[in-house]
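**Student:** Please see the structure below; I have some questions.
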Amino acid sequence: MTVPKEIPEKWARAGAPPSWSQKKPSWGTEEERRARANDREYNEKFQYASNCIKTSKYNIVTFLPVNLFEQFQEVANTYFLFLLILQLIPQISSLSWFTTIVPLVLVLTITAVKDATDDYFRHKSDNQVNNRHSQVLINGVLQQEQWMNVCVGDIIKLENNQFVAADLLLLSSSEPHGLCYIETAELDGETNMKVRQAIPVTSELGDVSQLARFDGEVICEPPNNKLDKFSGTLYWKENKFPLSNQNMLLRGCVLRNTEWCFGLVIFAGPDTKLMQNSGRTKFKRTSIDRLMNTLVLWIFGFLVCMGVILAIGNAIWEHEVGTRFQVYLPWDEAVDSAFFSGFLSFWSYIIILNTVVPISLYVSVEVIRLGHSYFINWDKKMFCMKKRTPAEARTTTLNEELGQVEYIFSDKTGTLTQNIMVFNKCSINGHSYGDVFDVLGHKAELGERPEPVDFSFNPLADKKFLFWDSSLLEAVKMGDPHTHEFFRLLSLCHTVMSEEKNEGELYYKAQSPDEGALVTAARNFGFVFRSRTPKTITVHELGTAITYQLLAILDFNNIRKRMSVIVRNPEGKIRLYCKGADTILLDRLHPPTQELLSSTTDHLNEYAGDGLRTLVLAYKDLDEEYYEEWARRRLQASLAQDSREDRLASIYEEVESDMMLLGATAIEDKLQQGVPETIALLTLANIKIWVLTGDKQETAVNIGYSCKMLTDDMTEVFVVTGHTVLEVREELRKARKKMVDSSHAVGNGFTYQGNLSSSKLTSVLEAVAGEYALVINGHSLAHALEADMELEFLETACACKAVICCRVTPLQKAQVVELVKKYKKAVTLAIGDGANDVSMIKTAHIGVGISGQEGIQAVLASDYSFSQFKFLQRLLLVHGRWSYLRMCKFLCYFFYKNFAFTMVHFWFGFFCGFSAQTVYDQYFITLYNIVYTSLPVLAMGVFDQDVPEQRSMEYPKLYEPGQLNLLFNKREFFICIAQGIYTSVLMFFIPYGVFAEATRDDGTQLADYQSFAVTVATSLVIVVSVQIGLDTGYWTAINHFFIWGSLAVYFAILFAMHSNGLFDMFPNQFRFVGNAQNTLAQPTVWLTIALTTAVCIMPVVAFRFLRLSLKPDLSDTVRYTQLVRKKQKAQHRCMRRVGRTGSRRSGYAFSHQEGFGELIMSGKNMRLSSLALSSFSTRSSSSWIESLRRKKSDSANSPSGGAEKPLKG
C-alpha cells in the first residue's frame, strides 16, 4: 500500500513508538490509531491491547497479598493491626494476643470471602467471553479463533445473531449496498434495530479471496468511551475515504436480520468502547459515614487522653507507693524511671481500652445495609407487573441517605411522563387539526368525542393509531398540496427502519418514540414509509409506490436540535426536508407571510399549553448546481482530520437556512400513573422537587400544573427568560424583591437590601410568606450558573416551592445538581430514565434510574432503579426513613454498650495501682462484641421500625427528623457516651461497694478478683440486654431469639469456661476454674446484679416517660393515635355484638365512608392527612422540628444555611 501525500507527516512515518500497549506508560498516550488489514506483523509494532478482557482483580497467587493490602487501606483495619503488634510485646501487653486477632481475622476473613466470591464470578464471566469463537481470516483462510486471540487488523466474519467480538469497521455484508442491522441492547439497552453501512469502496468485497488481498489502512481517533461518535479515514489504492460511526460495529452488539458480514478490527479488548465505558462510578459516602469517621477520630483522641491519665497515675504510684509492696510481693525487675513505667503503662492501657472503637462496628454496619438493600429488592409493592421489573438497590452504601433527602431533581420525559408518544395535533399552513368541536362550536371533551377517524381505506394503516379530527383526512383525500407535503416530510425525514414480516404487516423500529409516532401518523394518513436502502427511500403515497433518491442525511444531535434529509424525487427535483425545535427552526425560515408565522406560533403555544411536545417542519428546494457544489464541500469537511464535526456543522448550517415553513406537530406524552400523588406526598415531607427538562417552556409549565408541582393557589410563578447576564440578574433580583416585599407586607419585618454581596447574601428563605415557583430557560440558566451569579440564582430558587428548568442540556442538569450540593447542607437525589440523565444521576448524592423506553444507561449509572416514578415515595418515606432510623438507633446503642464495657477498666485502674490489669476474663473481652452483644443489635438495626409502613406514607412529616439529622448527630453521640460512662460507673462501684463488706454463706469474705469480674461481666450483659429491649420499637421473633438467646449463650459459655474440664486440659489458659458456679450461687451476687441493673435502667425509663408525656415526637403521637383507633374499633365491635339496630344513621355513616373513599381516590385529600395530623400535634414535634430547622439555618452560612419555609402540617 502507498500512503498518499495528503497524509500528515506524523501519519506517513513507517512506524510509531510502542507506547500504546494495554498498560500505557505515563509518559506516552495514544494520539491516533493505525490499523492495516491482514498485516499482523505491522500492527504488532504498536503493541495494541489484545482482545482478551480481564475484569477480575486477583488470581490464585496474588489474591492473599493483594486483598490484604486493599483491606489494610482501611484506617480501622490498620489501627487494629497496630494494636495486635502492641499485644505481642510482653512488656506492655496485659491481654492475650487472641483478644484482638480473633475479631480482626474474623473481619478480614468475611471480607476476603466476599471479595473472592465476587472475583470468582468475574473470572467465570471473563473466561466465558474470552473463549467465544469467531471466524478470522488468517493467511487467506477463514479459521475458528477464540476471541482472546483476535488482534487489531484482523478481518472477522460475523453471521446472523452473533455477538460482535471487537470494534469493527464494516467492510461488506450479505445485504445490498453493504447494509447490516444490529441490536445494541448490551451497549445502551435499546432493543430496536439500528442500521450500519459499509463504505461503497469496500461493500463489494464479499469474497474471501478479495478480502485476503485487501490491504487498506485505517487511521482514526484513539480509544475513547463515546458510543455515538467515531472519526477516521481509510487509505486504500492511493485514495482516502471518510469513516464515521455509521460504518462501525461495536463490541457487544448483535448482528440481526443479516446473513453475514465482514469487519476489520480497529479496537480490541480494553480499548473497545464497551470496555471504555465500564469504568468505575465515583464512590459515594453517606453523611453518617462522614460523621462516623469524625467521631471515631474523637474517640481515638479520648482513648489517648485516658491512656495519658492512667500513665501519669502509674508513674506517680510507682514512685510514691509501689516500692512498699516489693518487699513481700513477686515483682518484675524494677524499672529505673517512673517516666518509663508510665510510658509502658500508656501503651498497655491503649490495648485494654481499644474496645471503645470496636472492629465489629464496621462489619455490623455493612451487614445492616445489606439487609436494607434486600428489603428494597424484595418489596412487592415496588414491583411492576406490566414490565416484570422489580426495584433494585444497586449499591448497599446509601440506604440511610434515602431517609435524609431534601432536594429531588427529576427529568420529565419518561420519568414523570410515560415516554409513549401519540400523534395528537398538528398545524398545516396555518390550520390547526386535532381538536373536535360540537354543533355549537365548543371544543368536545374526551368523553364526548365521536368515533375516531376511519382509516379502513388504507390497508397498510396501523390499527392501534387513533385520531379524532376527520377534517385532516378529508384534506388528504381532497388533495390539499400543503397537507400532502406535510405528511411526505414525515414519511421521508427520519431514521426509522421498517420490517415487513408478512405482506402488508409493517413494523417500525425507531431510535426515539417521537420519530415512531410521526412516521406512524404519516402511514395512517396515506403516506406509508415502506422500505429504505442506503441511497433510496420508498414511500407509498395514497397507494402509489414512489422511490426517492436519498442524497444526504443531516443527523440530529443535542446541539443542532434538528435533522434534515435531502432527497431527489422521480422528476429529478431536489428538496431538503427539515424538522426540529421551534426555537431553532423559526430563526432559519425564509420570511413567509406574517399571517402564517403568527398563526403557527399561536398553535405552537396552544399545543405547549396542553402539555404537548412540539416540532416545526420546513422544506427548501435546491437547484442541481448548488447541491453539487455543497455536496463537494460536505465531502471535504467529512474527510478533515481536525475539527471534523465543527466543519460539518457549519456546512449543515449553511444549507438549513432560508427554508419555507410547512407546519408543526404536537405529540402527547402522558403522565405516569401516580405522579401527582407522589409529588404532593413528597412535598408534604418537605422535599423540594426541581424538574430539569429539554422541553420548551410552555410544555414544561403545563406538565408542572398537571403533576401538581404548580398550582393556581401559588402567589406567583416567576419566569426567567433573559438572554444576557444583566437581564437574568435583574429578573432574579426582581423575583427575590417581590417575595421579600410580600413577606414584609404580612408583618415578617424583613428588610430587603438591593445590593446583595455574593459572600453574604441575605437569606430570603426565612422571610418568604406565600408559595412561589421559578421557571427558567436553558439560555438564561447558562448565565445563572456563571460563577458571579450562581449564588443569586440558588438563593432565589431555594426560596421557591417548585423549580422548573426548561431547554436544559445534560451538562446543565449536572451543573444545577452540583450547585445545590456545593452550597446547601442537604442530600440531593436525581432521577431520570435516559442517557441524557446519566451525568445528573452520577452527580447527585443518590442516583435513581427509571427502566423505561430510552434504554438502560440511566439504570446502569444509578444507585437504585425501578420502573415507575410513583415508587419513589415508598423508596424514601418507607425504606429510606426506616433505614435512617435503624442505622441511627444501631450506632447510638453500639457506642453506648462499648463505652459501658470499656470504661470499667478506667475506673478499675485507680484501684489496681494503674497496673493495666483488666477487670474481665480475657475470653469475655474477646467474645463480648462478636458473640454476646452482636446479634441483638444487628436484629434491631435490620428489623426495627417506629411506625408501620402505612403510617409512614400517611404522615409524611415523619420524614423530617432525617432531613434535620435529629436521630444521630454529635449531640446524640455525646448523650450515648454519657449514658455509657454513667453505666460503667455504676457497674464498677456498686459491686465494689457491696463486695467490700459482703460475706459468703459460710461467713468467708466474698470479695476476690475473680468473683468481682464475674459479677461485673454478668451485670454488664444483663444491663445492655435490657437496654436494647427498651430501644427496640418493633419486636419480632428474631429479636426475641437473639436477645434472650445471647443471654443464654453468655451463661453457657461462662460455665463452660469456668469448668474443671477445660482447666484440666488447658490450665494456663482457663484460670477461673469453678468461679462462676461459686459466685453465682450466692444470693448477695444476684441482689447486686439486680440493684446494678435497676439503677442503670430506671433513669432511662423515667426520662423516656417524662419525654413522652411532656414533649413527644411525631412518631410517638402517631403511635398513640393508632392505639386510640384500635381501642375505638374494639369498642365498635363490642357494640355490634351487644345488639343490632336498623337506624338510618348507620346507613348515613356508611355512605359517608364511601364519599371519603372517593376523596382518597381522587387525590384531593393529600393535604388532609397533614391537616388532620395538626389537630393532635400541638403536643407533638411540629414546633420543635421547625425551631430546629430555623436554628439549623441560622447557624449555617448563606445560602447553604438558609432553611426552607416549613410546610405547615
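Note: Cβ is positioned from N, Cα and C throughout, glycine not excepted.
Because the structure is a prediction, the values reported are computed rather than measured.
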**Student:** Checking Swiss-Prot: are ASN67 and ALA338 on the same side of the membrane?
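**Tutor:** Each on a different face of the membrane, per the record.
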**Student:** Can you identify, from 92-112, 764-784, 869-889, the stretch that Swiss-Prot calls transmembrane segment?
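**Tutor:** So the range that Swiss-Prot calls transmembrane segment is 92-112.
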**Student:** Check each residue in the chain of THR413 (ATP binding site) that is at least six apart in sequence and keep those whose C-beta is under 8 Å from its C-beta; list them in sequence order.
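**Tutor:** Spatial neighbours, sequence-distant, of THR413 (ATP binding site): ASN419, ARG613, ASP669, THR693, GLY694, ASP695, ASP833, GLY834.
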**Student:** Under a criterion of Cβ-Cβ distance under 8 Å and sequence separation of at least 6, what residues of the same chain contact ASP411 (active site, 4-aspartylphosphate intermediate)?
**Tutor:** VAL691, LEU692, THR693, LYS813, ILE831, GLY832, ASP833, GLY834, ASN836, ASP837, MET840
**Student:** Taking 899-919, 923-943, 1083-1103 as candidates, which has the most Cβ pairs under 8 Å with the transmembrane segment (1037-1057)?
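**Tutor:** Stretch with the highest Cβ contact count: 923-943.
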**Student:** Please determine which of the binding-site residues listed here (ARG613, ARG807) has the lowest count of neighbouring CB atoms within 10 Å.
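**Tutor:** Relative to the other binding-site residues in ARG613, ARG807, ARG807 has the fewest Cβ atoms within 10 Å.
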**Student:** Would you give the longest CA-CA distance, in whole angstrom, between residues of ASP411, LYS412, THR413, GLU515, PHE556, LYS579, ARG613, THR693, GLY694, ASP695, ARG807, LYS813, ASN836, ASP837, the set recorded as binding ATP?
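**Tutor:** Value for the max Cα separation, rounded to a whole number: 25 Å.
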**Student:** I'd like to know if the transmembrane segment (923-943) touches the transmembrane segment (339-359) in this structure, counting it as a touch only when three or more C-beta pairs sit under 8 Å and are separated by 6 or more positions.
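**Tutor:** They are in contact.
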**Student:** For the transmembrane segment (1083-1103), name the stretch out of 69-89, 899-919, 923-943, 973-993 with the most CB-CB pairs under 8 Å.
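**Tutor:** Stretch with the highest Cβ contact count: 973-993.
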**Student:** Per DSSP, to which secondary structure element type does ARG613 (ATP binding site) belong, with helix, strand and coil as the options?
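**Tutor:** Going by the DSSP assignment, ARG613 (ATP binding site) falls within a strand, counted as strand.
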**Student:** Tell me, by DSSP, whether ASN836 (ATP binding site) is helix, strand or coil?
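**Tutor:** The residue in question, ASN836 (ATP binding site), is helix (DSSP, three-state).
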**Student:** For GLY694 (ATP binding site), what is the secondary structure state per DSSP, taken as helix, strand or coil?
**Tutor:** coil
**Student:** So how many of the residues in the topological domain 'Cytoplasmic' (944-972) end up helix, strand or coil by DSSP?
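**Tutor:** Result for the topological domain 'Cytoplasmic' (944-972), in helix, strand, coil order: 17 helix, 0 strand, 12 coil.
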**Student:** Three-state secondary structure of PHE556 (ATP binding site) from DSSP?
**Tutor:** coil
